[in-house]
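A.B. asks: Following this message is one structure expressed as structure tokens.
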Amino acid sequence: KKSFSSGLTAMEKKLAEYKCNTNEAIQLKLVRFPEDLEDENTTFNPEYSHQVFGDDEVAFGYKGLKILLYYIAGNLSTLFRIEYTSKVNEKFDCVEADDVESKIREIIPPGFCTNTDDFVSLLEKEVNFKPFGMLLHTYSVHNEEAAEDITYQIYKADMTCPGFREYHERLQTFLMWFIETASFIDVDDERWNYFLVFEKYNKDGATLFATVGYMTVYNYYVYPDKTRPRVSQMLILPPFQGEGHGAQLLETVHRYYMSSPTVLDITAEDPSENYVKLRDFVLVKLCQDLLCFSPGKLMQGFSQEMVMEAQQKLKINKQHTRRVYEILRLRATDMGDAEQSRSYRLDVKRRLIGPYKKKQRELAKMRRCLRPEELTNQLNQIDINMQHEQLEESFQQLVSDYRRVLERLAQA
């Protein structure tokens, strides 16, 4: 019996060596020059792979597994290869390796290369790739490394642009690796708008375009003759993150819809924390010069005038306008002054307490049915103390988030 159990652990140990973390195994590249293929600095890895490889993000059956997904920088033509040093063998190990290839094939469109030579010959044709759709905005960012200004452009595209449908299929595969709850959209629904960011770069004296990121927006119908665009997905590819492209993209999209009389306001679907920070910055930047947000008016509190002006001029909805007001009021408040800071704190906490109060009423209702009177009062007291602590915590967190927005604004 003993030899059997020790044999099992040896087997288990052996099999454990054949487990690979898929976030490390998947190697992504955006290729501009043939030498990028060999350069490790151009490789980046997913943040998530659970949608393809399960919650533990593991592929079983290989040692030294590498899943290569290389994309040509502009049109995203794909090279897909799997490499490993060894693989479990069904005959000897009585176990089967995961079918990694078919898992990846489920999310990448057909028509990819499987060898480097084909990929490099496609790279030579990249000079013909041009962005899709209509140019909305051009901006430049100073690059320290290259010691020069790099030009970027934002385009609005749709499925009628030749080649865009296929390009979008390749582009959306990145969502799986960088957005936790990503899903692919129904491109046959004409209410989708696509906004794309490209970088202009030079190669052998020609100007080429590289994909930087994109945003999809869905136009909801609002009775009787309006729409409410809702931001669905937004991704700046990792090599370009932290350079301000997200803010440029979101501001450009707002400006695009601002010019449309049929748009009510812009919302977002299930926004991440990072997106909320980005949106705070962009909306405050857009709003800070509106008359309704002058320091004098901010000190009088949140008003219907702010709601109206932000919606009509900038297509910002009421909930987001309230945050903009709180951030701008913080900037106008001397938090060292006891009276001013108390007034600010109360104003924000009054908004924060709304959901608590509702919960409180529901609890009170339940307790009336369930508990004797004196117990209820004690419990309410405990509740109120906890509530104050939680409120104070929420408030402090908000203020520190708001300060970061204001710092970024001061540098903009």
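Quick reminder: no glycine exception, Cβ is built from N, Cα and C everywhere.
Got these off TrEMBL a minute ago, pasting:
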{"type": "ACT_SITE", "residues": "E269", "note": "active site, proton donor/acceptor"}
{"type": "DOMAIN", "residues": "18-180", "note": "domain 'Histone acetyl transferase HAT1 N-terminal'"}
{"type": "DOMAIN", "residues": "279-330", "note": "domain 'Histone acetyltransferase type B catalytic subunit C-terminal'"}
{"type": "SITE", "residues": "W192", "note": "site 'Interaction with histone H4 N-terminus'"}
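I'd like to know what surrounds each of these features in this structure.
C.D. replies: In the shown protein chains, 11 other C-beta atoms lie within 10 A of the C-beta of E269 (active site, proton donor/acceptor).
As a summary of secondary structure, the domain 'Histone acetyltransferase type B catalytic subunit C-terminal' (279-330) carries 41 helix, 1 strand, 10 coil according to DSSP.
Around W192 (site 'Interaction with histone H4 N-terminus'), a 10 Å sphere centred on its CB holds 17 further CB atoms from the protein chains shown.
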A.B. asks: Which whole-number value in Å describes the distance between the Cα atoms of E269 (active site, proton donor/acceptor) and W192 (site 'Interaction with histone H4 N-terminus')?
C.D. replies: 14
